[in-house]
Amino acid sequence: MENIITLAIETSCDETSIGVLKNGREILSNRISSQIELHKKFGGVVPEVASRKHIETIDYILDDALKEANISLNDIDNIAVTYGPGLVGALLVGLSYGKALAYALDKPLVGVNHIEGHINANFIEHPELEPPFVCLIVSGGHSHLVYIKDYGEYEILGRTRDDAAGEAFDKIARAMNLGYPGGPIIDELSKEGNKDAVNFPRVYLEEDSFDFSFSGLKSAVLNYLNNQKQKDLDIVVEDVAASFQQAVIEVLVNKTLRAANLKNSNIITIAGGVAANEGLRKLMEEKAKGLGIDVKYPSKILCTDNAAMIGCAGYYDYIKGRISDLDLNAVPNLKLGDK
Ligand code: KG4
Ligand code: ZN
């Protein structure tokens, strides 16, 4: 079989990324230009600033990605691009760019759902991995518990009812003036702290629910911080970080294990930016081991936003004949499973 070369583009939030994949799972290049430094001083992503930076950067990223992959535009078989969910202005930069390339090169365009991209990062990391399996997707914008029936076929078991897991990390870090993005900072601090120092609530919702809710936990942490301040008591940042993180990951792990049990799945994958969390990875592995369940997650660089994961999802759509029209629009609130 001839090799299929996919050019992938991702600009849904604050990373401008372009990559080249061979046969969907082999990375030839995966260039990522992060805007974190730019947004840090605002304590979060400023949409207008993000869009402008994508426009400034995208040409250079394409050049780098092609050079590193050692290919020219003529070698490309298809173009995969994120069209949602995300910030509309940011999405439109990558999508317009992808559409222009597809038109000029006369190559098929494949619009990719960003959340689907996160799931697919696991296929790149683990060449032998095949559906079905249970996947916990936890990022800055999304928290989902999904049964992956086949490539591109999803049964959604649960989702967040309020804040996404990563959003909770970012908000708590902000409340403690720790910097942005909060996830990696809290993850590091947790290693130095006592996870049992403060007993924050574990929110499981209804007994059989696979949904998540993090806003109650967020309020509990904010209340604790305010109380300590009012009473002029010490706040041990490491202990608060570790106790908060433990409250998040215990719920994530327990619900994921219950989903694996329901689906009779002996594989659990984790995806999205929060899949980089070392506490989450460790606890999931510890608890799954005794149950004979294998836990897989991408390397950290493939957990957070990158084009390669989009290329992998786009590849499986392409080989199934799912091609997009050139009038494809950005869909900021695109749901998993929507095409
Ligand atoms: O997947 P991602 O890059 O973007 C979205 O699609 O949202 O995820 C970014 C999120 C941020 O909220 C960030 O704080 C979180 O992932 N994150 C982490 C870690 N690394 C990144 N959260 C917890 N622990 C980490 N090590
Ligand atoms: Zn993402």
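Including glycine, each Cβ sits where the backbone N, Cα and C put it.
Among the candidates Asn23, Asn30, Asn277, the residue that TrEMBL annotates alongside Ile137, Val138, Ser139, Gly140, Gly141, Asp170, Gly183, Asp187 as binding substrate is Asn277. For the Fe cation site, TrEMBL records His114, His118, and the single candidate of Asp294, Asp305, Asp317, Asp325 listed with them is Asp305. Checking the binding-site residues (Ile137, Gly141, Gly183, Asn277) against Asp305 (Fe cation binding site) with a 10 Å Cα-Cα cut-off leaves nothing. DSSP gives Ile137 (substrate binding site) a strand state.
Taken residue by residue with DSSP, Gly183 (substrate binding site) is part of a helix.
The C-beta environment of Gly183 (substrate binding site), restricted to residues of the same chain at least 6 apart in sequence and closer than 8 Å, consists of Gly140, Gly166, Phe169, Asp170, Ala173, Gly273, Val274, Ala276, Asn277.
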